[in-house]
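A short write-up of the structure that comes next.
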């Protein structure tokens, strides 16, 4: 904590001696006085000493600046240490530093202060504490094992031993020293308690863990007995649960604060931090440890607020709020003194500080110190001490009372003075004198008196208004008090006034253009002139801003300003100042820059509904061009990146340039959104606004049903029903789940089952009555359908689907026929077959799909073959991940819930050779070209395919787009060529290839 020392010089008007007396000792304070009281340059600091220290000593530093040099004394717990009178085996003084040899806790722990003294007074340093640090060992008792299921969260308690200081670092050892655990998104080590938190236990986490505590101030570390962590297999999903929550926190101004937040859950939760009532965290904030820690650096008053951490995983959300308060150390303030003087010490803090005074090291009262009539005995070193719970701060000041006759030795009247014609001239007269002298001015032999043009100011200076050549001459200032008198003389010369002859003019310019601002002036030829340019009262630094500003000095009386590559930030009022040593004159002009509109401000949500919100904003600057319209963009919690913003649907659909509010429609219920707005003028789209605060729309009844509902009959009465789960954005509320309905085909009543896990994609129902008997003529048919529900109600059912339960143990008896294949590339092939048809036996044959196996004939074994499953409705598929130039066998079988049928005849084929490399100088001709078109900021878009070397297609009329072109060759896919398109055009894309099979493009466009 810094201590600020201020020296105050007190002049008394009631003293009648040239010598001042302090504490009864005569001292000279006249013209030859150069001494001053002690001012601390280095003060002692708190020290933590450990018995393991190799030096076996403590050094406490103290150094003060003073004239004459000070003497030093030390106090411990308000008792003076007798360093000079009695020899001491422990204490010694080196300069002002206190050395403690072989320190002992009972004798030397305590609070120390340094006292510096000379003939002008005494000051006391801030307090410094000497404490003896320690870190005890962990207990020897064995730690109990922790057993947890996979997917659940786990907490391993550290239970650290006693220590001083309490600020230590916690780490965890995994299985053996020195293998330390590295915290990540799943694992977090609290630096408050030392506990290890694992949000989602995995099989690899099983092992032995030991808590390691290290005290950096004493350089010692200890570790606990190992804690076994045992995981059992059960992979379920669990909601996010915050287990580490930061409390309400008090912070020191300009200090650093760290807030902790961590959650358990499966999947591992994602931590999000917010400042309540603000769109963003403070600029000095930094998030680390995968979101578990929020660091606030150099905290200020405006950082005081509520902070929220939210844990999100795919299943639930959890959040916690707490407040950050401030405790402010004291700022000292001193005021000038006079014959009647008040010494004030103003301090701010929370809680309010207690203020007391010391004079020459002894208590001297509290509050304000008031002197009705200063005397020599009032001189000395004064210290204001302000303290509260958080700390203590000192402010020092020397009060010196002097008396002397006026003297101009240090500050005479300037010998040669210049003034501008018709201008204002001030001739300073500031002698050193105590008490304050009386002032008299003469011009030659003429005594000057106050009139409409000439006046003698309070500090003795002479002011002349509307000066002319007649005011030239020799001026003398006479200062006199009861100690004596003195005078000083200077000669005044009047020069021609500086005037602007060519002033800069108001100008409008487009972004990126160049502009010149003229400035010429007339001035006295005996003087030098310089031109200074400023923008909105900020002086332009031509050295640092050379890329945009240049001052053209081709004439002595000209200071033309050239602005290159004008940007929006260059708009404002430019002021030219023509300045000489005598006077200066200014002229200003406004520069208007036309360009893209500025971002709107104050974007906020005022009304929230289930599928819409009311959004309000403030118009931004149009930069000289009317705003044509506004566009609103949204970003939800499932955005892939921070820049994944999407244009929103609004009501009204088109927002004109006067709009300041709109309804954003077609939103998902129960979805977290943030919004931003950008304006458009004739030059294009402006910068987007700062995002609004995140909001969540209201919940609603779900409207989306599961898709791809199907299933099959298994063994032993199992009926398996499958579906594609609904995406999370369609949950529309809390407690989302599914209702599965099914019945035999000829029955009237449905059976219902409720599934509460929104990510479930199959349900298995067991009922022995479902089994098809051996004497049954046909397979059994079942009608199935699935609907959604949440806390607001039930959603719609999917379309009913028929699934089949085959005869018990009846696998497909026929094999697919006429299996053919064709290589597509060196890694892919197409295979097709004639599907299994009616057996002709009068029994219905049911299949669920086909299993395709493929393996290398001579290099692989059939059990290790690659397998692909396709539905019964398809009779072809693509084989991938094949090796080039290889001989493959392909086999197809039909399958159902009872198993797989007999294999087809093996189909043999060879994959193509690998694509040639550059060094083989091969010319590759693409079979086809694929063109992928997407709007900038989006992740999806249409794909066009052509067998020609060009393709014509229209582009949408609004927005920027990205094209990706890839050629497909005999040996595989070639590299991607990317193109970025801006503006409104019709495109014709030409595709060519070079000798290395790289796809090249030629682009021709027609402006709309």
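Glycine is no exception: its Cβ is also placed from the backbone N, Cα and C atoms.
Feature annotation from TrEMBL assigns signal peptide to 1-20.
Per TrEMBL, the feature domain 'Ig-like' maps to 38-131 (among others).
What TrEMBL records for 139-228 (among others) is domain 'Ig-like'.
What TrEMBL records for 240-313 (among others) is domain 'Ig-like'.
Each residue in the domain 'Ig-like' (338-400) gets a DSSP state, and the totals come to 3 helix, 35 strand, 25 coil. TrEMBL lists 338-400 (among others) with the feature domain 'Ig-like'.
Helix, strand and coil counts under DSSP for the domain 'Ig-like' (406-493) come to 3 helix, 46 strand, 39 coil. Annotation comment: TrEMBL describes 406-493 (among others) as domain 'Ig-like'.
Residues or ranges marked as domain 'Ig-like' in TrEMBL: 498-592 (among others).
Residues annotated as domain 'Fibronectin type-III' in TrEMBL: 599-700 (among others). Across the domain 'Fibronectin type-III' (599-700), DSSP helix (H, G, I), strand (E, B) and coil residues number 0 helix, 48 strand, 54 coil.
What TrEMBL records for 705-808 (among others) is domain 'Fibronectin type-III'.
Annotation comment: TrEMBL describes 815-914 (among others) as domain 'Fibronectin type-III'.
Looking at 338-400, 406-493, 498-592, 815-914, the range that has the most CB pairs within less than 8 A of the domain 'Ig-like' (38-131) turns out to be 338-400.
Highest Cβ pair count under 8 Å relative to the domain 'Ig-like' (139-228), across stretches 240-313, 338-400, 498-592, 599-700: 240-313.
When each of 406-493, 498-592, 599-700, 815-914 is checked for Cβ pairs under 8 Å to the domain 'Ig-like' (240-313), 599-700 comes out on top.
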